[in-house]
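Single-structure report; data block below.
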Amino acid sequence: MRKFVISFAPVLYIWFLSLTVTMSTVSPAISHDDEPPLVKGLSWSFYRKSCPDLKSIVKKRIDFFLSKDITQAAGILRLHFHDCFVQGCDASILLDGSASGPSEQSAPPNLSLRAQAFKIINDIKENVEAICPNTVSCADITTLAARESVKKAGGPSYRVPLGRRDGLSFAFKNVTVANLPAPTSNITTLINAFSKKSLDKTDLVALSGGHTIGIGHCSSFSNRLYPTQDMSVEESFAQRLYKICPTNTTNSTTVLDIRSPNVFDNKYFVDLVERQALFTSDHSLLSNSKTKKIVHSFANNQTLFFQKFRRAIIKMGQVGVLTGKLQGEIRSNCSALNPPTSYASTLSTLVDDAQILEL
């Protein structure tokens with residue numbers, strides 16, 4: 001009589017390999033150790049009681065729009081940056097012009113902001129208002145929308161402190177221009193501009209990594225082609241740009257990151273190392289020993305880039321914020337101030353008082 005011996009070794013080996021592969025593909029838990037301190041008045045759980053579904057509403061609407069057009073992620077992220085760098089993260093960029101003058105949107109640096117980005121923020125606001133009327137600021141919605149856009153494009157998730165209030169005015173043209181670094185900026189100008197917002201060189205390089213998605217207009221980099229070619233531009237890349245912008249008046253666009261234009265990753269830094277950066281401001285990151293070192297470290301380590309980007313964008317999202325009932329308001333419509341004595345203003349003050357007690 002034959003004896004049959006069943007070996008479980010192959011089965012166990014296959015199971016072990018499967019477990020190993022599964023574990024290797026699970027994203028590590030996000031550490032909060034490297035998060036910057038919070039500005040007084042902001043909280044990680046600001047709307048926990050007053051609008052508990054806020055984050056899910058924002059995520060749902062961002063998923064809806066970006067599933068149709070992932071390129072809008074860059075537009076929303078840029079909108080967040082342009083808002084925070086001009087009189088703080090107060091949603092002043094969303095205001096339409098008034099009798100007092102043209103809005104921030106009409107200033108030259110903002111003319112290329114995507115119209116669809118504004119529409120998406122307004123759509124989210126309408127959806128939030130339907131559930132939590134007169135409760136959530138446009139500034140907080142913009143900040144959350146930027147986070148969800150980064151995630152949707154493949155970038156890192158990060159926590160967003162909330163409690164911002166909306167500004168009661170917009171900046172004039174000269175203030176807007178003075179606070180937004182131009183794409184032709186050199187490294188000294190960039191470092192100074194970011195330093196004024198309490199952002200250091202690591203923050204500068206990490207936030208510049210936002211150029212891993214998005215587009216640039218010929219007018220923003222034609223200085224590297226005309227009247228003569230900037231020799232710091234890699235030759236094949238320069239020839240590619242000449243085809244897109246055959247004259248210095250061509251009104252065309254091209255992607256900021258030629259390797260993975262719609263994916264939020266570290267390929268932008270690979271572009272820089274290979275001398276294939278689009279803007280002068282991008283390439284200038286290699287002209288300072290400290291920022292150059294950071295560029296190379298991010299090009300070699302996407303995990304490190306994501307870690308530093310999380311910290312930098314949380315810091316940026318707290319620049320010049322308005323908090324508390326004595327500052328700003330909760331706009332009912334992101335593109336317009338509330339009427340002076342509206343019910344919305346009164347109710348938003350009451351809501352704010354209640355949320356301060358939660359803190």
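In case you wondered, yes, glycine gets a Cβ from its N, Cα and C as well.
TrEMBL labels come from automatic prediction, so no person has curated them.
Taken from TrEMBL, the feature active site, proton acceptor applies to His82. Taken from TrEMBL, the feature Ca(2+) 1 binding site covers Asp83, Val86, Gly88, Asp90, Ser92, Glu104. What TrEMBL lists as substrate binding site is Pro181. Taken from TrEMBL, the feature heme b binding site applies to His211. According to TrEMBL, the domain 'Plant heme peroxidase family profile' annotation covers 41-338. Annotation source TrEMBL lists signal peptide at 1-31. Positions annotated as site 'Transition state stabilizer' by TrEMBL: Arg78.
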Fewest other C-beta atoms within 10 angstroms, as judged across Asp90, Glu104, which are the binding-site residues:
Glu104
The residue listed as 'substrate binding site' to Ser92 (Ca(2+) 1 binding site) - Cα separation in whole Å:
18
Neighbourhood of Arg78 (site 'Transition state stabilizer') by C-beta distance under 8 A, where only residues 6 or more apart in the same chain count:
Leu113, Arg114, Ala117, Gly210, Gly214
Show, in sequence order, which residues other than Asp83, Val86, Gly88, Asp90, Ser92, Glu104 on the same chain lie with their Cβ within 8 Å of the centre of the Cβ atoms of the Ca(2+) 1 site.
His82, Cys84, Phe85, Gln87, Cys89, Ala91, Ile93, Gly167, Phe170, Ala171, Gly320
Measure from the CA atom of His211 (heme b binding site) to the CA atom of Gly88 (Ca(2+) 1 binding site) and give the result in Å, rounded to a whole number.
21
C-alpha of His211 (heme b binding site) to C-alpha of Asp83 (Ca(2+) 1 binding site): distance in Å?
17
Greatest C-beta neighbour count within 10 angstroms, which of the recorded positions His82, His211:
His211
Fewest neighbouring Cβ atoms within 10 Å among the binding-site residues Asp83, Ser92 goes to Ser92
Collapsed DSSP category at Ser92 (Ca(2+) 1 binding site)
helix
Going by DSSP, is His82 (active site, proton acceptor) sitting in a helix, a strand, or coil?
helix
Cβ-Cβ neighbours of Gly88 (Ca(2+) 1 binding site) (radius 10 Å)
21
What kind of secondary structure is Pro181 (substrate binding site) part of, going by DSSP in three states?
coil
Expressed to the nearest Å, what is the distance separating His82 (active site, proton acceptor) and Glu104 (Ca(2+) 1 binding site) at their Cα atoms?
9
Could you pull the average pLDDT for the domain 'Plant heme peroxidase family profile' (41-338)?
97
Mind giving me a neighbour count for Pro181 (substrate binding site)? Other Cβ atoms within 10 Å of its Cβ, every protein chain shown.
19
